[in-house]
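*Asks:* Quick paste from TrEMBL:
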type    : residues                                                                                                      : note
BINDING : Leu86, Gly112, Ala113, Glu114, Lys115, Val116, Ile130, Gly131, Asn132, Gln133, Pro134, His135, Ser136, Glu137 : S-adenosyl-L-methionine binding site
Amino acid sequence: MKDIYVLRLGHRPARDKRVTTHVILVARAFGAKGVYIEGKDEKMIKSISKVIDSWGGSSYFLVKEIENGKNIVNEWKEKGGTVIHLTMYGININDLQDKLDKIKYPLLIIAGAEKVEGWYYRNVDYNIAIGNQPHSEVAALAIFLDRIYKGRELYMEFGDAKIKILPQNVGKKVIRNG
Ligand SMILES: C[S@@+](CC[C@H](N)C(=O)[O-])C[C@H]1O[C@@H](n2cnc3c(N)ncnc32)[C@H](O)[C@@H]1O
């Protein structure tokens, strides 16, 4: 698994609870090692911890509330990693694949909720569009991570999972551990 983290900007508990939850679930399921959430939402963190506890990742997957995303970006630059911002205004990902294959890790992926401040556009290494149409941070993150891993993340297993799915064409089969 690569050294990849997500920075979720501008989380507003009343409006963004569901979408931020999905950002975290996608980050975990598609091969990131954690999510920094700009904002406070104790209830959401509790419910996501339960999912991680059952499905695995609690030993390494970080979910951390932070006050200011800029500090994380600066921290990333100090340690020589790469920072990318997902935005419909950026360069189409199809035109950046060669560069993505050579980026320096750790990688920080920024996904917004409300309008993202200009500072981020100017201070990241790449502003990347998953197509130049407005859609969703959840879709953008999933497609971006899939391009990084080229589909391999879909076979990822979590060693500490208490529940595991046995894939079926019809029906549901799960193994429960402990
Ligand atoms: C509700 S959208 C806000 C759209 C915003 N005006 C923008 O700059 O993309 C919330 C987040 O979804 C992501 N997003 C939406 N469309 C995207 C696209 N086409 N490519 C990459 N990210 C996108 C961005 O991270 C954005 O901050």
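Quick reminder: no glycine exception, Cβ is built from N, Cα and C everywhere.
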*Asks:* Considering all pairs of residues in Leu86, Gly112, Ala113, Glu114, Lys115, Val116, Ile130, Gly131, Asn132, Gln133, Pro134, His135, Ser136, Glu137, annotated in the record as contacting S-adenosyl-L-methionine, what is the maximal C-alpha distance expressed in whole angstrom?
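*Replies:* Across Leu86, Gly112, Ala113, Glu114, Lys115, Val116, Ile130, Gly131, Asn132, Gln133, Pro134, His135, Ser136, Glu137, the widest Cα separation comes out at 19 Å.
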*Asks:* Please report the number of other Cβ atoms within 10 Å of the Cβ of Lys115 (S-adenosyl-L-methionine binding site).
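*Replies:* Here the count is 8.
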*Asks:* Select the most exposed residue of Leu86, Ala113, Ile130, where exposure means the fewest other Cβ atoms within 10 Å, treating these as the binding-site residues.
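*Replies:* Result for the binding-site residues Leu86, Ala113, Ile130: minimum number of other Cβ atoms within 10 Å at Ala113.
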*Asks:* Under 8 Å Cβ to Cβ from Asn132 (S-adenosyl-L-methionine binding site), same chain, six or more residues apart: give me those in sequence order, or none if nothing qualifies.
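*Replies:* Met88, Tyr89, Asn92 - these are the non-local Cβ neighbours of Asn132 (S-adenosyl-L-methionine binding site), listed in sequence order.
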*Asks:* Around Ser136 (S-adenosyl-L-methionine binding site), how many other C-beta atoms are within 10 angstroms of its C-beta?
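*Replies:* Excluding its own Cβ, the number within 10 Å is 13.
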*Asks:* If you run the three-state DSSP split on Ile130 (S-adenosyl-L-methionine binding site), which class comes out?
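*Replies:* In three-state terms, Ile130 (S-adenosyl-L-methionine binding site) counts as coil.
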*Asks:* Near Pro134 (S-adenosyl-L-methionine binding site), which residues of its chain come within a Cβ-Cβ distance under 8 Å, counting only those 6 or more away in sequence?
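*Replies:* Non-local contacts for Pro134 (S-adenosyl-L-methionine binding site): Met88.
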